[in-house]
């Protein structure tokens, strides 16, 4: 540690409180050994060679660190650790912190603090966890209730849809009745028109016959003619009246037939719309069925969760039984200890306190067992009620499913009946145009023939395509084989090339050896020539200097003879070398011949292999050519087939065109006949009009006008009624669409909520596992400590007081470390609870806001205030969109500021405190280790 950690307390009065705590005065952290105050000083520190020092008696029996001093230092009660007492109110200012409130553990430590406080805190924590678990179970129950309400609302919506379907069925029945009435009226009107046409034809025939009779009579008897003329005029007037009435009836019938045909068309359109609506309702019902199945799956999941809770409750029962067994064991141990204490009267106050603590612990465990038993009974009752509710819901769902199935069957039956009625009506309307139907049948037959031909063409095409594909595959296989053979051929060529290359290299090496030998021979020949030149030069010199150098000549002759001998030797050597070269060349030639023979054999083998491969390739090529020929033949056959099919198609198309021309000609002839009849009818009507213009009265016209006006009013009323029904259907459609959207949104929200709940459950299970592991570790540690206590009590020696002080100091250190750890866990737990509460609150806000936007009524158990539905409060939890950062205006709350010295100083201070805490933690661990080793050494056991 440096000097920064030795700051006095007075210099930090005006500084703010941080989560790490306030700085305290540093304890003595010198690395020198702690000398016991009772140790006798050594007089012979410098004399190492002298004998061992005489043992002297200590002033006190205790040779350890004073246990009361151990816990009076700052490391045990530092302000950085969370305080145990929660009832002290926080100070408003950090500078005026009361010193008595900084350390609230010292007073408890000076008193006789019971040894089982960590276990108590652990039990309190378990109780809190159980409470939280119970709260979450209630929340899950509420969510289940909401799911059930949503399911009930879906079922009610389904019932509404079923009622709408019933009303639509009733309307369809009424429309069917109206349709049948209109069809019957139409048939009666057609019969009346046919009767009237027959009457007209009979009257025309009578007129023609009477005209012939009048023309054939003689003009002699004028009186008879006049009478006959009068009679004829009367008959004509009667006939004209009849014609007029018939004409009016025909016009009325035509108008009625047009109106009824329009009504029929409109009602057919309405029927189609109703059928579409029925299909939509069926699809909606299927969607609702899927939703119901999804909710059934959710209910099954909930039942599985309930079963898991049952299993957990059984596990808790087992744990309770284990705790009961532990409590019995502790009671037995207590009784044994009490008997021992009664035997050994001299017992310390500390052990009595321990006994009291054990008794208190046993009482608390028994209370916990009783509370847990009551909780288990209550939970079992709740589970039974939930299971009963689940069975009721499942029975209701099954009933609703059966009802829906029966209603769907009824709808299907009605739909089939409607379709049958529509088919019958269409068949009745189609039966009037027999010629057109016959022609259409012919066209259909031709189309069927065309279709059959196309089918056969497509089948033959598919067969040929398959054959072509198979042959293509064979060609590909053969091509692959060709490629493999070519690769083998290329490999063989490569090997041949490599061998040729090696042969060339060997030849080049032999040529190099030849050149080196020739160079040696040439060098020897040059030396010989040089010697000969020298001899010639010497001979020339001797001729010039015979007289002066006779002695030299003799010497030179001797030298020449020596040189001759050397030359002979060199020539002999050259000959020997030539012989060797010849022998070597013979050997090399033999080797070469052998190599050449081997290579020739290899080349012959390779050529044979190549020939075989070429034969295979040629055979493969022939097979490929054959397949290609077959392929071309098939292609030509296919082209011929296609040509034939095209010709057939053209013939059929020509036939179709001819049949269409026949149809057109028939229709034209029918139109011409109809126009001729119309012309005749118009001529007759014009004649009748001319005859009856004088006799027509205004009253008849007024009556006709009034009748037509009434009919128009009735048609307008029917039109308005139809428009109103159309608007009703549109409204109902919009309602169905909105309900579908709402259900889809609710489904998405429920999925999101279920995912969030699963995440929270996973977190809770992790926290629970951690707490359970900590509890088990603490229980094991407590058991080990109790075993050690029992062992230490059995071994009572002269140094029992010293050992007891060591044990007390060790357990006090252990206790305070556990207190600090528990306080840290409390802080973490509070933080996690706050985070969970905020998360759940946020989820509730989102769900409430969604329900508010969908206009869904709130349930009765709404625990949130109305302030949380405010948009301002809702935006509080979202990221704020900060404005632009201007250089001039930096005083706003959302603009960047410069870092103040205060924040930096607080950060540095927190780092220093964390360093100090880490140092104190290490020193405490060292103390614990030293004390544990001392206790084990004193008890006679050494753990290596």
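Every residue number used here counts from 1 along the chain in the order it is shown.
Any Cβ shown, glycine's included, is placed from N, Cα and C.
The annotation phosphothreonine is assigned in Swiss-Prot to 18, 64, 68. According to Swiss-Prot, the feature region 'Disordered' maps to 23-110. Taken from Swiss-Prot, the feature compositional bias 'Polar residues' covers 28-46, 67-78. Annotation source Swiss-Prot lists motif 'Nuclear localization signal' at 54-59, 726-731, 742-747. Per Swiss-Prot, phosphoserine is recorded for 60, 80, 529. Annotation comment: Swiss-Prot describes 96-110 as compositional bias 'Basic and acidic residues'. The coiled coil annotation in Swiss-Prot covers 164-791. Residues or ranges marked as region 'Calmodulin-binding' by Swiss-Prot: 900-927.
Sequence-remote contacts of a segment are chain residues at least 6 beyond its ends whose Cβ falls under 8 Å from one of its Cβ atoms, and for the motif 'Nuclear localization signal' (726-731) they are 273, 277. In the motif 'Nuclear localization signal' (726-731), the DSSP tally of helix, strand and coil residues is 6 helix, 0 strand, 0 coil. Counting residues per DSSP class in helix, strand and coil order gives 6 helix, 0 strand, 0 coil for the motif 'Nuclear localization signal' (742-747). When DSSP labels each residue, the region 'Calmodulin-binding' (900-927) comes out as 27 helix, 0 strand, 1 coil, counted as helix, strand and coil in that order.
Looking at the motif 'Nuclear localization signal' (742-747) alone, the prediction's average pLDDT is 79.
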